[in-house]
Amino acid sequence: PPPFHHHRYHQKMGKGAALSNGVVKKIILSYTYVAIWIFLSFTVIVYNKYILDRKLYGWPFPISLTMIHMTFCSSLAFLLVRVFKVVEPVSLSRNVYLTCILPIGALYSVSLWLSNSAYIYLSVSFIQMLKALMPVAVYTIGILFKKDSFNNSTMGNMLAISVGVAIAAYGEAKYDSWGVFLQLLAVLFEATRLVMIQILLTSKGISLNPITSLYYVAPSCLVFLSIPWIFVELPILRQSSSFQFDFAIFGTNSLCAFALNLAVFLLVGKTSALTMNVAGVVKDWLLIAFSWSVIKDTVTPVNLIGYGLAFLGVAYYNHKKLQALKAKEAQKKSQQADEEAGRLLTERDSNGSSDGKKGDSQA
């Protein structure tokens, strides 16, 4: 073959190689984000469990622990926004603050308080299984707030998830009704918070990154938490004078909680929602394996069968959601293409007619 073919061929190869390099870089980056997020999420969960569990560190004060986290996060966020000016503060009107940020802060504080309380009563693995109900709660609350429309197949899917979680609960060795009640309430509050974020902030076109959202939400969380804290935990803490504030433990624990907030943002911002969901699933299975092998929690076969079913339901739900998103994007693209074509046509028409006029005058 003539030599220039070779040249062309090499060019193609070079391009392909460059492309795959970029893609590989992207993939490695997203895997890194996923790994960081899984690691931090994992650490925070196991660490909180360690602090709150009576048999381990033995400091069963979930409100106080959540307040320590919030104090730490608020001050760090304040430093990053106001002092070091790493991110720009979003200008929020008083109205938005009162109608959006405060309710979200209130829901967040309750959901954190409840979910941290559940660690006192339940095993890490079982808590992860109960958290599989999150899409069910989000969907149901979405329907109540008219954000989602009712759909039979989705509802069937939700039922499957619920049945799976119920089987997992039935097979749980260390079943504790109070703990389950707390965790389910936590899921409800968290789901409401997620729906509220969608409705309140997204509809108003406000986008907060995690530093600014912590900057606004964490202080309001602190205020809301202090109310039950004064009545529930303060009296008990006063009586137990033996408590020494362990800076090493609570400092590293709060730092992990703060880092986790940033990691979530990185993961959602730099990869897709699907990645986040898949990562979440991997994390749940890892946690179950970890609590079974290291913390020596009893994970029964019935547990796993139930959670497996719930997990399939969640996976299917995410798959459906993704398809809907893709369809939406494709629709947008075709609309844009149509508009472009339309514009070109009108331009061509106007050009054509002006040419015609020119011709007439010359004739």
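Every residue number used here counts from 1 along the chain in the order it is shown.
Backbone N, Cα and C atoms are what each Cβ position is placed from, and that goes for glycine too.
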For the record in TrEMBL, which of the ranges 59-84, 267-292 is the transmembrane segment one?
59-84
Cβ pairs under 8 Å only, please: of the recorded stretches 96-114, 120-142, 301-318, which one is richest in them relative to the transmembrane segment (59-84)?
96-114
If contact means at least 3 Cβ pairs within less than 8 Å, sequence distance 6 or more, would you call the transmembrane segment (96-114) and the transmembrane segment (154-171) in contact?
no
Which listed range (120-142, 213-232, 301-318) shows the maximal number of Cβ pairs under 8 Å with respect to the transmembrane segment (177-201)?
120-142
Please indicate, using numbers and ranges, the residues of the same chain that are 6 or more beyond the transmembrane segment (154-171) and have a C-beta under 8 Å from a C-beta there.
126, 129-130, 132-133, 135-136, 139-140, 180, 300-314, 316-317, 320
